[in-house]
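Participant: Sequence annotations record features per position, and here Swiss-Prot assigns region 'Interaction with Gp41' to 7-31. Here Swiss-Prot flags S150 as phosphoserine, drawing on similarity to another entry. The region 'Interaction with host PPIA/CYPA and NUP153' feature in Swiss-Prot is assigned to 191-229. What Swiss-Prot lists as asymmetric dimethylarginine is R390, R412, and the listing cites similarity to another entry. Residues or ranges marked as zinc finger by Swiss-Prot on the basis of sequence analysis: 393-410, 414-431.
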Amino acid sequence: MGARASVLSGGKLDAWEKIRLRPGGRKKYRLKHLVWASRELERFALNPDLLETADGCQQILGQLQPALKTGTEDLQSLYNTIAVLYCVHQRIDVKDTKEALGKIEEIQNKNKQRTQQAPAAADKEKDSKISQNYPIVQNAQGQMVHQAISPRTLNAWVKVVEEKAFSPEVIPMFSALSEGATPQDLNAMLNTVGGHQAAMQMLKDTINEEAAEWDRLHPVHAGPIPPGQMREPRGSDIAGTTSTLQEQVAWMTGNPPIPVGDIYKRWIILGLNKIVRMYSPVSILDIKQGPKEPFRDYVDRFFRVLRAEQATQDVKNWMTDTLLVQNANPDCRTILKALGRGASIEEMMTACQGVGGPSHKARVLAEAMSQVTNASAAIMMQKGNFKGPRRTVKCSNCGKEGHIARNCRAPRKKGCWKCGQEGHQMKDCTGRQANFLGKIWPSSKGRPGNFPQKRLEPTAPPAESFGFGEEITPSPRQELKEQEPPLTSLRSLFGNDQ
């Protein structure tokens, strides 16, 4: 409490404790009111240290006053307390809160009057001085005279042309540097351009065309010119080739004035637009965002080319709403379409911020892998559905289903599992088995049963021969074919190949 109550001390504290809360009341301000005010300021997110000075109290009053009409009684009490504290800091003698509020209102009214009188005094002082803002200025005698364009302005214009090389931003720069200039000043700016003579020749052709159009729309009136009246400017006069500087100043400052400088400036800007279009051959339709290009760089390129487009503002707005989204890369296009057609440039750049960066690439890769995983799982589930019912296994040892012989708990079957006889295993079983042709396999003759037979199979065992050196002459192949045709089963398999 001591730190909060240290706002006032000495004579100020005595003056504080003499002020009454209400007119004619008994209660007066105490230190507890300062402690309460400090806590309330903290609750309203205001710095309690501002109570230590008169300027701080004035700042707090300025913050609280707009909310008095809709505020609570606590806010009104806080405002009254700080108003009394301000009077104590300023050593303004007040007896109660109401008188302190009246003093505050008087001070605020005086400040408003000073604020209103300051612009009027500034305007009066400005009018008393001679205008030096434009090439045509007013001298001390009240006459309008021409002030030559400064070398600094010419140097700035030359640097812009050399650095930008007739990019779209050259036009607004020329318009700013030539504000209020006469045709003679504009010609001086054009003559300082050393290079780009092809562009300068295009500009001259445009000026000549506009001058001829001016002469066609503003024919010369027949008859002599009345005394005291100036002649009407021709197209060549506006271009500064057949008019003097005095005539140009007189036209621009006459009553009614003829703004020959603004007309000539408009012709030059028209020619500069053609030059900019020639130096910027890229169409707005060709501006597309690269796959890894940040959206901010793409927007910069888009609007740089859009400035060079010779179209109305409505058409440019349509290009911005349509082409900017259409020519973005797929990632940004998806985000921009989700925003809708009414999104501003700020919302677009905020939404596409970070697209193409490492974090965005990682997120896209994770989403793609998740989709592939889900698709693979779905395919596996679909394939599993076509396998039909699961086949049950059967044990070859006990003959029961649900397990195999390796896991069978029944005692091992003795003997051969093929023929059932004991004394040998299935791999050593000599039991014969018929093949798909009905022949016994394995064959005792050493040849498989489906092998084409080249000789007659004997139907009886051969007679015993005790002779030595006897040769058995095989019968000719043709005779074998005539005696016994190929097996029916082989013919059915191989056709006429045998």
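Heads up, the Cβ atoms here are built off N, Cα and C, so glycines get one too.
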Participant: In whole Å, note down how far the CA of S150 (phosphoserine) lies from the CA of R412 (asymmetric dimethylarginine).
Facilitator: 116
Participant: Could you tell me how many residues in the zinc finger (393-410) are helical, how many are strand and how many are coil under DSSP?
Facilitator: 3 helix, 2 strand, 13 coil
Participant: By DSSP, what is the split of the region 'Interaction with Gp41' (7-31) into helix, strand and coil residues?
Facilitator: 9 helix, 2 strand, 14 coil
Participant: So how many other Cβ atoms are close to S150 (phosphoserine), meaning within 10 Å of its Cβ?
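Facilitator: Around the Cβ of S150 (phosphoserine), 10 other Cβ atoms lie within 10 Å.
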Participant: Let me know how many other Cβ atoms fall within 10 Å of the Cβ of R412 (asymmetric dimethylarginine).
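Facilitator: Within a 10 Å radius of the Cβ of R412 (asymmetric dimethylarginine) lie 8 other Cβ atoms.
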Participant: Taking every residue in the region 'Interaction with host PPIA/CYPA and NUP153' (191-229), what is their average pLDDT?
Facilitator: 85
Participant: With DSSP as the yardstick, break the region 'Interaction with host PPIA/CYPA and NUP153' (191-229) down into helix, strand and coil residue counts.
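Facilitator: Split into helix, strand and coil, the region 'Interaction with host PPIA/CYPA and NUP153' (191-229) gives 22 helix, 0 strand, 17 coil.
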